[in-house]
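Okay, here's the structure, questions in a sec.
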Amino acid sequence: MKTADVLNQLNGTAISLNGFDYDEIGDEHLLTGMETPMRSDAFEMSDEDKKEKIAYHFTEIMETLGLDLTDDSLQGTPKRVAKMYIEEIFSGLNPKNKPKVALFDNKYQYNQMLIEKNIQFYSNCEHHFVPIMGKAHVAYISSGKVIGLSKLNRIVQYYAKRPQVQERLTNQIATELRAILQTDDIAVIIDAKHLCVSSRGVKDDSSTTITSYYGGVFNTSEKILELQNFLNN
């Protein structure tokens, strides 16, 4: 199954957020699509030029806040932030950083679910640019091919390293795995804490957000229960 075909099947799924105001859900959250919103010229500027521009504008932000950039603790902050954005926490925006995945024949004929649970990730909320921290659980049933276990972690982390909403992150991971493994039998569950909820606004430090994707045979009560039993043990 091609990635485009998977996207066509998943696009248009509506998520109701009635009852939340504009400031809570961000710009047009109800219309959030599968793809991360990117301009067509997003990669025309080099990474070094991007870092220089980000550092310049972050200097302006710090000065506007009244911070003294001659202080030795703050002098290098704009460049550090720019480097962090491009090379680390938002590196998943650039397709050149997408993990390379090799497929292997399922020579052991293993035909039950394979689960990689508690994949720790760090992302950032695209509405307030503050951290999202959580764990992803990924499962699939082989259609004849398998991938290395560490690649599941790398795929999760690649899509997490960009400004995100959790619903999109869940679907992007599922879409990628469906395309790579050529099977609909994919499950993705994410349990995460959003600092835009815990550190500002309602300031609820006790809540987490759970999103899930169940495809193919996983979209049955029996398989969902089996998966949940594995995750709870």
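Any Cβ shown, glycine's included, is placed from N, Cα and C.
Bear in mind that TrEMBL entries carry predicted annotations, made automatically and left uncurated.
Pulled these from TrEMBL:
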type	residues	note
DOMAIN	56-223	domain 'GTP cyclohydrolase I'
BINDING	Cys125, His128, Cys196	Zn(2+) binding site
Counting across all protein chains present, how many other Cβ atoms fall within 10 Å of the Cβ of Cys125 (Zn(2+) binding site)?
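Other Cβ atoms within 10 Å of Cys125 (Zn(2+) binding site): 19.
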Note down the number of other Cβ atoms within 10 Å of the Cβ of Cys196 (Zn(2+) binding site), including every protein chain shown.
19
Can you tell me the three-state DSSP label for Cys125 (Zn(2+) binding site)?
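In the DSSP reduction, Cys125 (Zn(2+) binding site) maps to strand.
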Over the domain 'GTP cyclohydrolase I' (56-223), what is the model's average pLDDT?
97
His128 (Zn(2+) binding site) has how many other Cβ neighbours within 10 Å of its own Cβ?
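Other Cβ atoms found within 10 Å: 17.
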